[in-house]
Structure formats: structure tokens, C-alpha cells
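Novice: According to TrEMBL:
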TRANSMEM  31-58  transmembrane segment
TRANSMEM  79-109  transmembrane segment
TRANSMEM  195-218  transmembrane segment
TRANSMEM  230-252  transmembrane segment
TRANSMEM  279-299  transmembrane segment
TRANSMEM  319-338  transmembrane segment
TRANSMEM  391-410  transmembrane segment
TRANSMEM  416-439  transmembrane segment
TRANSMEM  481-498  transmembrane segment
DOMAIN    535-595  domain 'CBS'
DOMAIN    637-686  domain 'CBS'
Amino acid sequence: PYWQALDYDTIENDLYSEEERKMSSTVCDYFQRWVVCMLIGIMTGLVAVVINICILELTEVKMRVVEQAIIRCVKDSCLYIPLLLWIAINISLVTVASLLTVFIAPVAAGSGIPQIKCFLNGVKIPNVVRFQTLVTKVVGVIASVSGGLAVGKEGPMIHSGSVLAAGISQGRSISLNINTRFFEHFRNDREKRDFVCAGAAAGVSAAFGAPVGGVLFSLEEAASFWNQALTWRIFFCSILSSYTLNFFMGIYHHHPGDLAYPGLINFGKFDGSYEGFELPIFLLMAVIGGLLGAAFNAINYRITVFRLTYLKARYFKVLEVVFVAAVSATIAFVLMYWNSECKPLGQDPNVKLQFFCNDGEYNTMAVLFFTPPEESVKSLFHDPLGAIRPLTIIVFVIPYFFLACWTYGLQVPSGLFIPSLLIGAAWGRVVGNCVNLLWPADEWAQDLSKYALIGAAAQLGGTVRMTISLTVILIEATGNITYSLPLMAVLLLAKWVGDYFNHGIYDMHIHLNKVPILPWEPPALSTNIQAREVMGSPVVTLRTVPLVSDICSVLSDPRNCHSGYPVTDTDGKFRGLILRTQLLILLKHKEFIERSGSGERIALSVFRDSYPRYFPLSLINVSEGEQQCHVDLRPFLNPSPYTVYENATLPRIFRLFRALGLRHLVVLDDDYKVVGMVSRKDIWKW
């Protein structure tokens, strides 16, 4: 695809200076930024409420229907009927999610974290923050989680919060044909970027009940550009998101005012502690988590390459989703049927799934497969020793691991956090059982919750390779700072082990899609590479006062589909940079010297009103007479864009792009004449 960069650089032209002089104070903008962050937090929390309640209700209905069919068919020996019924329900739900994703908003597939990371890095991902993307994300994640796929609803909350932030901060919706005069000064890429950071943090906060973790996630994993003023506003936004969800979920559970529902997943209260001599066991678990995370990423990489190569047709993508849903349901049903472990009701107060057990008993495999994945994680964390046999957990986690590998990357909205936590908690609990076998008389070895938590952290850290933000998210979600040291050590070691073999899952998907994202550091050993080797040339330039015909000819030539053009005077010396979008607006509004009798120029607000969806040249009607008119570009161009000389090194060019969020960098020779242009793609190739 033809990726474009975002314009984070301020165009300080005559129009900008005039508007600055007219503005008596920036207090209004400062206050509006806080209002926008408040609205983002509240709306993200409300979206999380809708997602959570819909999934709970749909899962409850599905469970009731299938269990009643099983009760009828156990006596009549027709167990194929509940199996087919379960497969039919799951396929119906995931088909809705897949059809919406494939035909309305393909960018809504997956968790959305790689797309948001690219957007905040400065790459314009088509449709990533559109209204239809939000609708597809919300409806799709409800359907895919309720449809029994090995996915979670927490990751998509980050994308949903980002879309809400992008829409609210603009004070309008082009898709819904809503246009207000609110927040019109925020209609540019730079301001939108900051609010999308807040939306991503609000999504994390709503997902895990972790406001501080949300801020750190935006800082560590998502944002490429940060300033100190953002921190407090984003923290305010994150807190509002978590407490909005908390307030409404308390009402839903008939406990108004109860603050026990801060996030979409509730890890429950961890009251235990650990002994110092357990740290080597935790570090060994970190190595296992790093290896399993690397294996997960390697398998998913090969599956994704296969998809990109062979499953290009839309109907193939939908059929794959249907097939995975059918396989997932069949595996779960068969494992529950063959599971010989049944426990008396009341041993786990949250579960009443009899399935193929005798009256008064519940099926332990059904606890893991049939309840929402968040409840399965909670059961693995807090069920006492002996509640689930290790063999049952092993039989569950092995197929679930491969189902999760297969599922991530399907054309449905899906999160990776919960499947990873569930896999890690499962094998972590098995490790806890092994420790208990070695030291059966010691009380510390009987607390399996700490091993499940460490396993969940190791697996998630080994897959996504996050460190500080994930540590804080898990500490906030468990409500226990006691485990901060082992969590920090485990996440760091799991990341190092995983990084030895491959990249994190999000970076892997970014590279597979060939998105020109810029890393934190310039390429190694690149000081000898100079701008003349990196730049694109020859460069298409415009004069300071060109003919309309010259502008039209440059814009209409498919070889010159650039986003910006250097402007030179008659001597060929560089005078500034004009964007393609600016030229289109000047042509549309007939800003010609021969027609400007009144002497009034178009205002900067006209350029903002056209943001972000600009019209093509084919929609502009320029007559033959107007072709011979002139346009004075000097009031509109950026007179002081960033430039380098042709002997500038690649690391210097990289740091300019990375630190300032540039889209274009003009290369000059010793006579101040333009010899080339450097774009994001030119650097990314190196």
C-alpha cells in the first residue's frame, strides 16, 4: 500500500502569524484540552460498559441454551445435537464480526495496537480512526468473544479509545455529517496525535482498571512523541475512564456505589506473599515464558505469512474465521466430554456448569473453556489447591495455545492480552503444583495464586515484550504491590529471552505489513551514509508565483504524487515548502492574483475545515482562462522548514525525523539550491 506520513510540523506562514496576533489569550485552548480529555475518558468508559454487558448477557444465553440441550440429550444419546447447536451459535456470532470487518472496516481486525502505534509514530494508516472502524470494533469484539474464539476484549479497547479521542477532539464527524465549531483549533495532525495518546491510555485504564498503567502504556509502547504537559491530562483522562466503567458496572451488578469493578477484567484480591528463596523459581518461569512467547510469535508469523500470500480474497477470509470458530467449539466440546474430573458444586462459587457430570457436580474443563476467558483467568488465579487437576490444565492449555496462535490475525476484532494471561496462568498453576509436590508440608508452596500470576506475566511479557507499563498494569489489577519485584524481574527476563529469538508480536505484524515505522535509534554503523545517498532526486519544484497551469500539471502528473513541493525564486534559491493539500485548497477557492480585487486572503480556518479528508484535483474546475492566472504562494508556504546540506549524515537525518515528527526534509547544496528531498520512506529503506 501507498503509506503517507502525518504532518506534525507547524506551518508558520503569514496566515499563522496573523491568527496568532488576533488571539488575545491561549487560556481558552488550554481549558478546551482538559474538556476534550474529560469527554474522552467518560466516553471510553461507556463503550467499555456496553462491550462488557453485551458479552456477559450473550455468554449467559449461550450457556443456558447449550446446557439445556445437553441435559436433554444425555438421556436420549443425542450429544451431537448440543455440539452442532454450540457450533452454530459460535459460527453465527463470529460470522457477524467477520463480515463487518472484511466488508466495512478491515483496519478493525486484530487488537488495533499495531495500527495505533504506527499512527502515533507518524504514519497515516487509512481509516484507522474513522467512525465505522469504531462501530466495527465494538460490535465485532462482542461477537468474537461471545463466539468462543481464543480472543480477549481488552486489547480492542485501546483502539476504541483512540478512535473516540480522534473524533471528539475534532468537534465533528464527517461520517455522521456532524460539524460544530467546538475544538476547531485542534484540527491538525499534531493536536490529534496528543489526544489519541490520551484515548489509548483511557482504553488500557478501562480494560484493566489501571490508570497509571494506561499512562505508562502510552508513554512506553504507543507514543513516539511526548511532552510533560500531556502526562497530567492523560492521567486525568485514564482515571475518568476507569471510574465511569466502575460506576455503571456497579449498577449493573446491583451494587450501586460499589467500586469493585474498575476494569473489564478483575484479577481478584491477592492477599498472599512470597519467600525470597522462591525468586529462582520465578526467574525460571520467566525463561519458560520468554521461550513460549517466542514460539507463539514464530508460529503466528508463519500463519500470517500464509494468510497474506494465499488468503487474499474476501470470502476466503470470512471462511477462515468460520472454520476456526467451528474447530475451537469442537475441540472444547470434545475435551469437556472426555474430561473425567468432576467436582462437587460449591467448591467454586462462580461456576455451575454441570455438562457431562452427575447431578450436584460441575465439569472442571467447562470452567476453563465455556466461561468468559476473564473468569477462567480468575479461576486459575484463585482456586485452591486441588480444585483442578494438573492433567486437566495441561490438556486444556496445549490446544488453547495453538488456537490462540491461529486466531490472532483473523479478520475479526480480537485482543491478545487475555489469551496470553490465560495460557500463562494455566502453565504457571501447573508449576505451582509441581512445587507443592516437592515441598508438600510447607505452607508457602500451597498458595498457587502467585505461580499463576507469575506465569501469566511471563507469558504475556514474552509475547508482547512490554516491561514497565505491564508491571504497573498487573500491580494495579491485582491490588497488591508485594509482587512488584518478582513481576518486574520476570517481565524483564521474559523480554530478553524472547528478544533473542524474534520481535514482539506487535512489531512483527507492523513489519509484515511493511509500514515505514521509525525505531528509537538510527541504523547501526550508518555515520558514513550521507544525505546525497538517502534523498530522492530530481525534485519537482514550484516558483514563488507560478501559473495555475503549472500547478495543475505538477499535481496531475502521476509521477509527482508527492505530498510537498519545495518553492524556489527565479534564481533557483530555496524559499520554502508548500503542501499538496494547500495547493488544492488554493485552486478550489480561486486564490489567483488576477481575481483578488478585494485584497482579502482566505483565512487559516479554511485550511482547517478541509482537514483531514482532502478532495482530489479531479473535483476542482479550472477554466482555460484561469489556467493563465498566477498564484502567489509566499503567504501560504512554510518559509522556514527543516533543511540539511547534502553531506549531512544518516543518523542526523534520522534524529531530526524521529524527534520532530517530520514529513519532509529538504536537501540543499552550498548555493542554497534544492538538490533532493528526504521522506520517511527514504530513511526506512536503510
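The backbone N, Cα and C atoms fix where each Cβ goes, glycine too.
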Novice: So, does the transmembrane segment (319-338) come close enough to the transmembrane segment (79-109) to give 3+ Cβ pairs below 8 Å, pairs being at least 6 apart in sequence?
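Specialist: In contact, yes.
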Novice: Across the domain 'CBS' (637-686), what are the DSSP residue counts per state (helix, strand, coil)?
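Specialist: Tallied per class, the domain 'CBS' (637-686) gives 16 helix, 17 strand, 17 coil.
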Novice: By Cβ distance under 8 Å, which residues at least 6 away from the ends of the transmembrane segment (416-439) in the same chain are close to it?
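Specialist: Sequence-remote neighbours of the transmembrane segment (416-439) are 111, 150-155, 207, 265, 281, 285, 288-289, 292-293, 296, 368, 373-374, 376-377, 380-381, 385, 388, 390, 393-394, 396-397, 400-401, 404, 407-408, 445-448, 450-460, 463-464, 505.
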Novice: What residues in the same chain, six or more past the boundaries of the transmembrane segment (481-498), come closer than 8 Å to it by Cβ-Cβ distance?
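Specialist: Same-chain contacts beyond the flanks: 270, 272-274, 278-279, 282-283, 285-287, 289-291, 293-294, 297, 450, 453-454, 457-459, 461-463, 465-467, 470-471, 474-475, 504.
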Novice: Under 8 Å between C-beta atoms and at least six residues away from its ends: which parts of the chain pack against the transmembrane segment (279-299)?
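Specialist: Beyond its ends, the transmembrane segment (279-299) has Cβ neighbours at 401-402, 404-405, 420, 423-424, 427-428, 431, 435, 451, 454-455, 457-465, 486, 489-498, 500-505, 508.
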Novice: Could you tell me what the rest of the chain brings near the transmembrane segment (230-252), counting residues at least six beyond its ends with Cβ under 8 Å?
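Specialist: That would be 33-34, 37-38, 40-42, 44-46, 48-49, 52-53, 161, 194, 197-199, 201-206, 209-212, 214-215, 218-219, 258-264.
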Novice: Of the residues in the domain 'CBS' (535-595), how many are helix, strand and coil by DSSP?
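Specialist: Summed over the domain 'CBS' (535-595), the classes give 24 helix, 16 strand, 21 coil.
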